[in-house]
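J.: Submitted below is the structure of interest, expressed as structure tokens.
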């Protein structure tokens, strides 16, 4: 596997991680910060100005900071759990699913992997919605529905999903990240040009700081801090693992600052006209159109990377199933492998079609991102890590540490329930 090859951890793909992380890790602190940024920063950031519009700029800022602090703390909990397990069973834990199995047996692994599948599916659906809405805005004078662009993407994404080696797609992953940065830069520039004072914008919406606005902004912010499943791989990739906590902290500090500024300036510039994907607010000049097309191309070609984790987990279970083995059975090994390969291709095609159908039913990017962030992302990032930490380290923790874990567990669960209700009700209204 070459340097550009993607490494997989619990179904999450990181373009920059060295495969040697499996044997001890060689990444410096600077390289690890780069890997963390690649893991975390995605298209969800372009929905932050909309979150600030819904919640108000003060409430939105608080929501982003809360999500950042909670995610940072729980990522460290996951590493602590792994270290605690490996004191008695060295080398037994490499993935998030492994910790789930150590905590609750096979049901724990199935629960963890199911949540990972759903979260990755949510991310891939968000890709399709994002591409559809941006292409529709470029060709708005032709009045082409968003659904047409999503449907047109299906055969392309099916064929791309059949690519066996992800290394061939790595340049597109970098290209998509570059386009993301360019889009943020153009939005910042546009924000400064349109900024006419803060007095016309709301610090807190009428929903109140502890009600719907805060939960909605937290939902989008949690989605923006995606990549939680890469925690163990990131830590293991470091040459000096003892520095991981500090490196992670510096990365989160920088990312949180950029997120707050981007959401704040985006909302201050466009106010109540802020759309759920802020690039849709940009004028159709050549620079904005080029960035939109670049984003769409980058995401279209990195879609297989987003869905690859789903393929890994689903196909692993599929190949273990007796009915699939009987269906592919042949005395000739070549025939068996050919049937198995075609079965995998068919499985991948159905998955892409299913994700496209979900995308066609979603009312809006912002609402969908908040829903995914409030449900599976919250469970993966807050509820499970705090639960695992209480199980594996609880007996040796101080009272205040136990109390903090219980608070995160309780608040994470309540946030998942209320955030789901809030996103569904808000999306239907």
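Just so it is clear, glycine is given a Cβ too, placed from its N, Cα and C backbone atoms.
A TrEMBL annotation is a machine prediction, not a hand-curated record.
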J.: Any idea which of 13-32, 33-52 is down as transmembrane segment in TrEMBL?
T.: 33-52
J.: Which one of these stretches, 58-79, 110-132, 144-162, 404-424, has the most C-beta pairs shorter than 8 Å to the transmembrane segment (342-365)?
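T.: Against the transmembrane segment (342-365), the leading stretch is 144-162.
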J.: Three or more CB pairs closer than 8 Å, sequence separation of 6 or more: does that hold for the transmembrane segment (110-132) against the transmembrane segment (144-162)?
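T.: Contact criterion met.
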J.: How about the transmembrane segment (33-52) with the transmembrane segment (404-424) - do they touch, taking at least 3 C-beta pairs under 8 Å (6 or more apart in sequence) as contact?
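T.: The transmembrane segment (404-424) and the transmembrane segment (33-52): touching, no.
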J.: State, in range form, which of 58-79, 144-162, 246-270, 371-392, 404-424 has the highest count of Cβ pairs under 8 Å to the transmembrane segment (290-310).
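T.: Most Cβ pairs under 8 Å with the transmembrane segment (290-310) come from 144-162.
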